[in-house]
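Undergrad: Quick one: this structure, given as structure tokens, is what I'll be asking you about.
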Amino acid sequence: MPQGREGVILPWVQGQNNYHVRGPELPRVPVAAVENASGWNVSWRGPPRQRNTLHHPHPAPSKNRSAWVGLGRAQPITGPLSCYVRARSPIRCWGWACRGVRGWGRDESPLRAWPTTCGSRARLLVLRWVLAREARRRRRRRGKELRASVCDRFSQMFVSLFPQLSGIFILESVDHLLSAFKMELYFENLSKQKKQVMEKNGNNRKLRVCVATCNRADYSKLAPIMFGIKMEPEFFELDVVVLGSHLIDDYGNTYRMIEQDDFDINTRLHTIVRGEDEAAMVESVGLALVKLPDVLNRLKPDIMIVHGDRFDALALATSAALMNIRILHIEGGEVSGTIDDSIRHAITKLAHYHVCCTRSAEQHLISMCEDHDRILLAGCPSYDKLLSAKNKDYMSIIRMWLGDDVKSKDYIVALQHPVTTDIKHSIKMFELTLDALISFNKRTLVLFPNIDAGSKEMVRVMRKKGIEHHPNFRAVKHVPFDQFIQLVAHAGCMIGNSSCGVREVGAFGTPVINLGTRQIGRETGENVLHVRDADTQDKILQALHLQFGKQYPCSKIYGDGNAVPRILKFLKSIDLQEPLQKKFCFPPVKENISQDIDHILETLSALAVDLGGTNLRVAIVSMKGEIVKKYTQFNPKTYEERINLILQMCVEAAAEAVKLNCRILGVGISTGGRVNPREGIVLHSTKLIQEWNSVDLRTPLSDTLHLPVWVDNDGNCAALAERKFGQGKGLENFVTLITGTGIGGGIIHQHELIHGSSFCAAELGHLVVSLDGPDCSCGSHGCIEAYASGMALQREAKKLHDEDLLLVEGMSVPKDEVVGAVHLIQAAKLGNAKAQSILRTAGTALGLGVVNVLHTINPSLVILSGVLASHYIHIVKDVIRQQALSSVQDVDVVVSDLADPALLGAASMVLDYTTRRIC
């Protein structure tokens, strides 16, 4: 039976000349009761001692309630609009303008106004005509007096027509009648809207929508749409088709959560061919293509909703397109970075309508020649649930999945899938991830991978490492989406390569580590740290140290929580009478300008800090290695002054970066001494930088700037700068020596920087080249730094100056100027034999150190960096020819062409690890 609404007339059942109307329920309404024997009586059960009886000569109806007007078969209607009136002719109930009676299914009996003669029917027709006429007059009248007149006329006419029923319909006030008119207008508009949708669909029928879901991930996006469709049965009919990994026990039998959501599953299709390799994926697509035509022929949907980029979805879209069924594709136009891109774009070309989540995805669809009028920028449907999820009781969920002793923000969620274009590497990366998580020693919830090729091998890796029995790990096949979003919302970190990490988790600001290239093309918020080449455990472990426990600003890149209403409105606007054939819109492409700061083209940059023995420098460095702006101050002598100055300069540089349209991705710090880069702590510094031992640089900077911070030794930073921007770019093995106030170095081996077991690797300045050489700042003697550093040359220059052997013709040193290495070099250039001898000795000491490096590491290139490199290069090459083995004499030794290797190296630590947004 159709559900009536206030002021709306609906036929009772097809084939009966009966009509059913309902009006509002009011607390003081008398309730009808039936008392009868031969005829029938209608009596009004009101206040005590107030009972009127009206006798009719007709026989009484059956005592069987289901025989009365069909009320027993009707679905009960609850709520404020719940009174029923029945007659052979249609009649309108004007809401608050009249008193009704309670409906069937209540404690009292319903009113049974059985028609008797044509006179009764005529009266009802007249009443209907009067009400309609008064409604028309009401719309033309204005003013309080005219409205009161309408109420009076209505009351008088009703009493004159039905004097015996005058106790039922009582006009309360003008306001009640106005409320009735407003409500009538609302339902009339709803009826018009429904009529328009029905006319578009042809034959006045509902839009039949088929939603096909393949796995737990796409159901989380499709479920809000399905709920929305189900809530509007007057416009839509919903058919649900379940296939893919939903029906496999190894992946959690997730079809059950669809049943728990009270959706009727019309069809279950077992389409997965087990094997979890490339061939099995192809066979699964073929099996789905074989089974789907029968299902679609039976359901005959008007439109098929397909989500995402899975191979199952490709089979669905192919079947629907070939069977002339319109396709609505959810989340088209996005870019991730694997074979999923190809599948997603293939579905886009098959689909007739598109719902995208971001402005750039919309632009991609337009660039792919899709019709702009058939593209809806709605946002991600899952955000409709995400943005209202965080305030729920989450501790019980955390305890259920991770144990009673786990606290919020003190656990990790790991979700990693195979990359079908590079299965071997993705399995290796997963193994390194588990090793890093074991070393990190935090409680971790590990979800099993999806059913893509390579997933079986990843599960074997989990079992080989005993993850399912490890006390710090909880391995699960599936977590219901409502609980999963609570878990990631309150996690200390999420790690893996799932799209959930770069899309949904941003709504909570939870730190995310995105491993590999599976999601590298997606737009991400500030909470995502990309580790593209996750080929070592140390990289992943360092990323965990950087991200765990942070809280980032919430991001709404993918939605604002209102996607489903937009999608439903879009579905209602689809005209089934339009030609099915797609139209492609070729260039020129329509441009859409976004005012969102996240979509403005910015220069991806890093803040680089260089703590030297004399100066403290901060620079904004672009992705291409260009120094956009640089700040220089003298390095203070005390810890407090130094750390405050660093914070002040970094804050000023970050503010200036906004004006320069630079997006700061992180902070890299280069400092002298021995550094633990994993913790961001300076363990021991050189004597040049006082009060700089056991100093945590990462925490104060990260807390102040809300950015990730990297710290390393200045020699290592010089090597990193050469690897990214300099002559070491693309080389597998090379060594950098930096010559300045001291002597440092960095070693790149198999594309990786060598730190050593106690972070003391590449201290090349302290290689001993003479057993009885001068004292070194490290406490030893005969080190390279004692001969070739700027301090050593300054020491020798002072000796010559004190002996009056430094100055030559054409050279002078002002009295207020400190004698330094620069004066020694100047004297050597002007022919001072003593100065030339000192430089030659220094260059020889450096050359012997390089020979030792060649014999120990055997790199393919040696790069001399720093202000003294050009003065030493020829001497070093001579020493190599004289002292080195013949097998390493061909190794090239060059001077760096980088102006600021320490700053560029500090910046490279940031730029190598993360690209926060792809513009």
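Positions of Cβ are set from backbone N, Cα and C atoms, glycine also.
Curation plays no part in TrEMBL annotations; they are all automatic predictions.
So TrEMBL says this about it:
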type     : residues                                       : note
REGION   : 44-66                                          : region 'Disordered'
DOMAIN   : 235-572                                        : domain 'UDP-N-acetylglucosamine 2-epimerase'
BINDING  : Arg674, Thr686, Asp714, Glu763, His766, Glu785 : N-acyl-D-mannosamine binding site
ACT_SITE : Asp714                                         : active site
BINDING  : His766, Cys776, Cys778, Cys783                 : Zn(2+) binding site
Undergrad: In whole Å, note down how far the CA of Glu785 (N-acyl-D-mannosamine binding site) lies from the CA of Cys776 (Zn(2+) binding site).
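TA: Just about 7 Å between their Cα atoms.
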Undergrad: Under 8 Å Cβ to Cβ from Arg674 (N-acyl-D-mannosamine binding site), same chain, six or more residues apart: give me those in sequence order, or none if nothing qualifies.
TA: Val682, Leu683, His684, Ser685, Asn713, Ser758, Phe759, Cys760, Glu763
Undergrad: Which ones are near Cys783 (Zn(2+) binding site): of the binding-site residues Thr686, Asp714, His766, which have a Cα within 10 Å?
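TA: Of everything listed, what lies within 10 Å of Cys783 (Zn(2+) binding site) (Cα to Cα) is His766.
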Undergrad: Which whole-number mean pLDDT does the model give the domain 'UDP-N-acetylglucosamine 2-epimerase' (235-572)?
TA: 90
Undergrad: Please list residues from the chain of Glu785 (N-acyl-D-mannosamine binding site) whose Cβ is under 8 angstroms from its Cβ, counting only those at least six apart in sequence.
TA: Gly742, Ile743, Gly765, His766, Cys776, Ser777, Cys778, Met791, Ala792
Undergrad: In the structure shown, with every protein chain counted, which of the binding-site residues Cys778, Cys783 has the densest set of Cβ atoms within 10 angstroms of its Cβ?
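TA: Answer returned by the neighbour count: Cys783.
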Undergrad: Counting Cβ atoms within 10 Å of each candidate's own Cβ, which of the binding-site residues Thr686, Asp714, Glu763, Cys776 comes out highest?
TA: Asp714
